[in-house]
Amino acid sequence: MEFPPLWLCLGFHFLIVEWRSGPGTATAASQGGCKVVDGVADCRGLNLASVPSSLPPHSRMLILDANPLKDLWNHSLQAYPRLENLSLHSCHLDRISHYAFREQGHLRNLVLADNRLSENYKESAAALHTLLGLRRLDLSGNSLTEDMAALMLQNLSSLEVVSLARNTLMRLDDSIFEGLEHLVELDLQRNYIFEIEGGAFDGLTELRRLNLAYNNLPCIVDFSLTQLRFLNVSYNILEWFLAAREEVAFELEILDLSHNQLLFFPLLPQCGKLHTLLLQDNNMGFYRELYNTSSPQEMVAQFLLVDGNVTNITTVNLWEEFSSSDLSALRFLDMSQNQFRHLPDGFLKKTPSLSHLNLNQNCLKMLHIREHEPPGALTELDLSHNQLAELHLAPGLTGSLRNLRVFNLSSNQLLGVPTGLFDNASSITTIDMSHNQISLCPQMVPVDWEGPPSCVDFRNMGSLRSLSLDGCGLKALQDCPFQGTSLTHLDLSSNWGVLNGSISPLWAVAPTLQVLSLRDVGLGSGAAEMDFSAFGNLRALDLSGNSLTSFPKFKGSLALRTLDLRRNSLTALPQRVVSEQPLRGLQTIYLSQNPYDCCGVEGWGALQQHFKTVADLSMVTCNLSSKIVRVVELPEGLPQGCKWEQVDTGLFYLVLILPSCLTLLVACTVVFLTFKKPLLQVIKSRCHWSSIY
């Protein structure tokens, strides 16, 4: 929740002036490289070493950002006495001469961010003191200390907005902002502030917005800026936030205490208008139930506040936590990334106007739903990434979530939800129960069922539009579990076997589905079962991580724009993929990590022409002669390694065997002729019989 730099505001003001020509409109002109239109001179980034002197003298806005001016001399701006806005952002300024602004009586907004004004700060301060009508001043990024800042702001009582962000302020006292009784907005983020003396802001009676983010404040005690409406103290090292205990009305509406080291829920004003409270990423918890209330002396903390010669002692009951804080106007509460193990009784009852509650990434194990807890105005509830094993619904309670629209229960330990939890939840549109080991009820659960929750029933939830059941270990769907809903987004990913190889359990919601994720659900290659023709409004389909060997079927008029077929068993790209009319509207398709055969990707060129984006084109590979080749590197036409496959197989083997047989025959003949005579002699000698005569 940082403030936009003032130079951005000026830039926006400049951009709304259109560069056009026509009746009654000044024509954009170039003056030494600067663009000039309607009294605005834009000289950004022109490598100027000095302020140009040839611009129209009636210019009201001069933008000199990103020019190496280094110095602003007494005569630099004399030619432009009507300036109202001047931006010198990143101009390497280290000196502003004493009378540089002497002729600038109309100047209202001045941006000096990201320069080196600390080097000659006394002379620069003297120049600023002549701007008696200045309202906005940006001194961020100038390496200013608190003494330098005090001198520069001295006597500038007309200021309404000041930025001292990204400087080297460390300790604040009442002398820095003395005399700024009209100041409305103060930006002190990204300094090194570790201490703020009591009364440092007391003179700023009109202050409404204060940004102290990204500093080193260890605590805020006795906070008493009743006129403040916005306070950002995020990204400090706060361990305590204690508002003054006086029963006085506070105007504070937005309080950002996120990304600190708070141990306890902040002690807020007893009477206030707070509607947004940001507490994420702290170390908070509720501790009342963990301590023995019979020992009151062990339940208080005393803060010793030393202000000059005055010492004050503030005593705080540690375990009263939220009881004395006024939360009646609170609408947005973010308590994520803390150490909350439970919500104490009555906590949510103190927030009747609460519409958004974020409790993700805590240690909640159980949540009790009672009357007015959560409040009836709640529209968004995030309980994800906790340790929830049980949700308790008070007996006879109905309509507790009647205005709830978004309910996130993902990444918990739930087995089911209480019967009747979603009764009369007529506004709910989004439910995320992914990564819980739940099961879907095979049939409607009786209203009077009093047993422990063992399943979840989504039937007849007419308002439900988005349902995520990713990684829930669901068994095969039976009996149309989504009947009576009008789902547009459904995620059943990482539930192996949930569809039992067929998409027929989804036909009840096929006409309304727009986004369907069936990643890693065990879909096979049955062509009849993979027909998505009935899903007429489907825009995005994720079928990655399955075992598909052929493209799914799409017929009729289909609105499909994104198709993900990664990590399947596809070996070829059938020609019908390109020729089918429903697929020609695809804008993005994912096809990588499939065992394609390089001899079966003849339609790849046509595929690239018809589909606007093959998102993973560079990662699509195929198998060619036991080698993995990227499809984009294949030569045009049929690859050489595929030509042999076009020849008759019998002829191929004949050609392969015939040379071997001929070689063997010739070898045998040569051997026989070579050893013919010795061989005959051996035969005769061994086969000789003696004569009987």
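Glycine residues also receive a Cβ, built from the backbone N, Cα and C atoms like all the rest.
Database features (Swiss-Prot):
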- 606-644: domain 'LRRCT' (DOMAIN)
- N74: N-linked glycosylation site (CARBOHYD)
- N85: N-linked glycosylation site (CARBOHYD)
- N155: N-linked glycosylation site (CARBOHYD)
- N232: N-linked glycosylation site (CARBOHYD)
- N292: N-linked glycosylation site (CARBOHYD)
- N309: N-linked glycosylation site (CARBOHYD)
- N312: N-linked glycosylation site (CARBOHYD)
- N408: N-linked glycosylation site (CARBOHYD)
- N424: N-linked glycosylation site (CARBOHYD)
- N500: N-linked glycosylation site (CARBOHYD)
- N623: N-linked glycosylation site (CARBOHYD)
- 133-155: repeat 'LRR 4' (REPEAT)
- 273-294: repeat 'LRR 10' (REPEAT)
- 463-484: repeat 'LRR 16' (REPEAT)
- 1-19: signal peptide (SIGNAL)
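Summarised as a single figure, the pLDDT of the repeat 'LRR 16' (463-484) averages 93. Secondary structure from DSSP puts N623 (N-linked glycosylation site) in a beta strand. As a summary of secondary structure, the repeat 'LRR 16' (463-484) carries 0 helix, 3 strand, 19 coil according to DSSP. N424 (N-linked glycosylation site) is 57 Å away from N85 (N-linked glycosylation site) when you measure Cα to Cα. The DSSP breakdown of the repeat 'LRR 4' (133-155) into helical (H, G, I), extended (E, B) and coil residues amounts to 8 helix, 3 strand, 12 coil. Taking the Cβ of N85 (N-linked glycosylation site) as centre and 10 Å as the limit, one finds 22 other Cβ atoms among all the protein chains shown.
Residue pair N232 (N-linked glycosylation site) / N408 (N-linked glycosylation site) shows a Cα separation of 27 Å. For the glycosylation sites shown (N155, N232, N424), fewest C-beta neighbours within 10 angstroms: N424.
If you measure from the Cα atom of N623 (N-linked glycosylation site) to that of N500 (N-linked glycosylation site), you get 31 Å.
Look at the Cβ of each of the glycosylation sites N74, N408, N500, N623 and count the other Cβ atoms within 10 Å; the largest number goes with N408. Nearest to N74 (N-linked glycosylation site) in space, judged by Cα atoms and limited to the glycosylation sites N155, N408, N424, N500, is N155. Calculated from their C-alpha atoms, the gap between N500 (N-linked glycosylation site) and N424 (N-linked glycosylation site) amounts to 33 Å. Distance noted between the C-alpha atoms of N155 (N-linked glycosylation site) and N408 (N-linked glycosylation site) is 54 Å. In this structure, N408 (N-linked glycosylation site) is part of a beta strand by DSSP.
Here the Cα atom of N424 (N-linked glycosylation site) is found 18 Å from that of N408 (N-linked glycosylation site).
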